[in-house]
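I have placed the structure first, in the form of structure tokens, so that the comments after it can refer back to it.
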Amino acid sequence: QDAGNHTLLTEFVLSGLSSRPELQHLLFFTICLVYSMTLIGNLLICMVTVHPALHTPMYFFLHVLSFLDISTATVVVPKMLVNLLSEDRSISYLGCVTQLYCVVFLAATEWYLLAAMAYDRYVAVCSPLRYSAIMNTRACLSLVLLSCCSGKVVSVVQTAWVFTLSLCGPRRINYFFCDIPPLIMLSCTDTSRYEKQLISATVLVIFTPFCLILLSYTCIISSILKISSAESRHKTFSTCSSHLTVVTLYCASGTLIYLQPKSSNSQDAKKILALIYTTVIPTLNPLIYSLRNKEVKEVLIRVMAVLMKK
């Protein structure tokens, strides 16, 4: 025990998605199926986007996005699947720290990457003649590196803040992975200062990129409306709408989870939202980008044909 006569936590217990025993196997097979679809879909996108026909910045960013989606699902889902079939749902203190760090890093990096993808679309539509010069290989790599570095800073700060709080128990986390809202509910000290800091971080990580994305698409839509060809307008808007769909899904789930971090009444709803952004959205991304993109579909058909011949 520590000086405050509180039990020192060395491990946590994850309550999971549901406490009802009859649902555990159903949830296991459903999530296992979704996770398999996530891996297959995103691995296919990773394979397709290295094809010579798709060597453009947009597909380079899509390649990185798919890698981040695979990583996000892999950080959360395998442990959740094990817990669904096991009575021991414990996770070590270090394991919890690592999982939180990875989840925040990947989520923040993906948000900044989505902003970079919006900038790429802005340059492609509004400055097509200068596109190759602006979005060269160095610029693309710099944007990805900047996204990763920004995500790392956010993750280090948020993880450090959470685990410097006095987490004195109970050690049961009402969630299926280590995330910020359920962890700060274990604190036995006043967390109002941290909650304000978390809201500020949410604004910085989600709303700042969202505002940049919104500004980019305002300019893009303005330019699209000036295109005389209806076919060209439809093709340009179709490419942009895929990205906007993903941004909307992330923004809706992320803000609802982190803007009210210590609201116990909405904990079950937050589990569903967290399941959406860690499991469902990574599965939807390949479908959103491939089904609405003729070039991706054509290359995907070629790749699948080659794989079937082998």
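For all residues, glycine too, the Cβ spot is worked out from N, Cα and C.
Automated prediction, rather than curation, is the source of TrEMBL annotations.
Taken from TrEMBL as is:
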{"type": "DOMAIN", "residues": "41-289", "note": "domain 'G-protein coupled receptors family 1 profile'"}
{"type": "TRANSMEM", "residues": "26-46", "note": "transmembrane segment"}
{"type": "TRANSMEM", "residues": "58-78", "note": "transmembrane segment"}
{"type": "TRANSMEM", "residues": "98-119", "note": "transmembrane segment"}
{"type": "TRANSMEM", "residues": "140-163", "note": "transmembrane segment"}
{"type": "TRANSMEM", "residues": "199-225", "note": "transmembrane segment"}
{"type": "TRANSMEM", "residues": "237-260", "note": "transmembrane segment"}
{"type": "TRANSMEM", "residues": "272-291", "note": "transmembrane segment"}
Contact between the transmembrane segment (237-260) and the transmembrane segment (98-119) (3 or more Cβ pairs under 8 Å, separation 6+): yes
Other parts of the chain folded back onto the transmembrane segment (272-291), taken as Cβ under 8 Å at six or more residues beyond its ends: 17, 31, 34-35, 37-38, 41-42, 44-45, 48, 62, 65-66, 69-70, 72-73, 75-77, 103, 107, 175-177, 179, 242, 245-246, 249-250, 253-254, 256-257, 297, 300
Residues from the same chain, set at least six apart from the ends of the transmembrane segment (199-225), whose C-beta lies under 8 A from its own: 107-108, 111-112, 114-115, 118-119, 121-122, 125-126, 154, 157-158, 233, 236-237, 240, 244, 247, 250-251, 254-255, 258-259, 261
